[in-house]
Amino acid sequence: MGVKAALPKYELYCYYVILSMAMLWAASWIFDVSASNVNRKTFKSSIQPGWYYFGRKMDTADPEWMMWFCRFREHIVFALSGHVIFAKICSMLAPQYRSLVYMVYGLLAVLSTMGWTYVTLILSHCVLLYSISLVKLRWLCFAAGLTTLATFKMEPFVSWQAGFVTGNFELRHILFYGGCGFTIMRCMSFALENCEKKEGNYSILELLKYNFYLPFFYFGPIMTFDKFYIQANNPDLSRKEREMWNISMQAVLHLGVIIMVAIIFHFMYILTIPSDPKLLKHLSDWAVGGLAYLNLVYDWVKAAVMFGVINTISQLDHLDPPKPPKCITMLYVFSETHFDRGINDWLCKYVYNYLGGKHDNVLDELIASLCTFGVTALWLGPGWVVFIWAFLNCFGLNFELWMTKFFKTEPFVSIELAMSESMSRRIRAVFNTFNFWSIVLYNILALNSLDFAKLVAKRLLLKGFPLSTITAMIVTYCLVQIIKERERKQALINDPDPIPPPAPVAPPTPATAPATAAQMDATAAQPVDPSKEKAE
């Protein structure tokens, strides 16, 4: 009894109607608040002139989005266009050297942008970790890699290394940390893969090809070295049927999403309103809940677009990059709440799966998740918000395992076997409803602030009890059932075989899973294996 259990159509239609009405109602509240408070003094720093012909101002509270898609989009398009042109020429004339051309172009682009001292700094770290990888001791590679990563996250090492970069342009600070952080993660992947190589060693040239691939250099996503090495050195550059059409449609889709976000920023100030505590006190529970939800959806959209644009470029280079993150709307278990599949794949391959084995032992799972979230906290940069986020995520992930094992015991198995499949699915959805709001609250903690997360929890769970609480849970229950229906149809397409034996009712999960802060770049990289079976 699982994802293939069907519900009556009239019941699903009812869920769709309730969910649509609730979302439209919440959006209308936020739209009214945005229109009536556009000239507030607290909004002046983040609400800037926008589409003057519509008489609308624009929410510019997210500096990351404004930087990449407004102020510096011409520079980004120019750099990536050059990469595509050189890669295409090389693929036509000398495809066997294309990975070398990628490296040369990326190295020259980084050199012209950040200067030779920065390139020297990057090369020194590459040489250091390459030298250590020759020893072929995993623990030593890990220790050296994490120590090196810490030098870009802790003072006084950060300031000392940042002093090597000359120039004072606006992007310098961001490019410095992005390039250095991802370089260390790539070097660690190379070192660990070299440890697994039974005969000989990979050359340092392969490491440089891997590290200086420009589309991935500054902001990822991270493709583990074993995958990049095979794909970048594959001499067969033929394309599958309709592959170019799919790549073109992806590019058009990303452009459409960028336009959609611009429209939302002009009509609903979803990022600025949560920063005004006085205004939040006067908003309805629906408006507060809608703000929390839209903030999470926006963060997913931003990650999907930023990684999606890069992925489109890499697909033109005949690579298969990590997939975009799964939308927060489609999440109701901790095991899928990663916002960066590249980081997630890295953590799963080298930490989580390596230590956790089959993930069926409670102690092994606890050790694996603690180590994984420890690495994640170092990657994001030590801080109280990160530590709280990591602790709650780690607890939620293990709590799911504990409860799953608990509900696999008697009498719960017998009770579920006596139920109809549809009833089993409804009961699972009730538990998943609480899980969903746990994920929402922890994401809000990391994306906005502790104060906003406390306000949302207080409004929906305490002050708004019982009306707002019950209403929010009913709407969320409808959403979970719609997600399950989508998963059911997808499962039938992928596996049309008869329904497998039933599994026990999934556990109710605690208050829950966060996402990373926007300024944390590759945020919410969850340490969970995407192939791991989900607890429904």
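Cβ atoms are placed via backbone N, Cα and C, with glycine included.
Automatic prediction, not curation, is the source of TrEMBL annotations.
Here the structure is a predicted model, which means the values were calculated and not measured.
Cross-referencing 106-131, 288-313 with TrEMBL places the feature transmembrane segment at 106-131. Take the transmembrane segment (106-131) and the stretches 75-94, 174-192, 465-483: counting Cβ pairs under 8 Å, 174-192 has the most. Counted over residue pairs 6 or more apart, the CB atoms of the transmembrane segment (75-94) and the transmembrane segment (427-445) come under 8 Å in fewer than three pairs, which marks the two as apart. Among the stretches 12-31, 174-192, 212-230, 251-271, 386-407, the one making the largest number of Cβ pairs under 8 Å with the transmembrane segment (137-154) is 174-192. Among the stretches 12-31, 174-192, 251-271, 386-407, the one making the largest number of Cβ pairs under 8 Å with the transmembrane segment (212-230) is 174-192.
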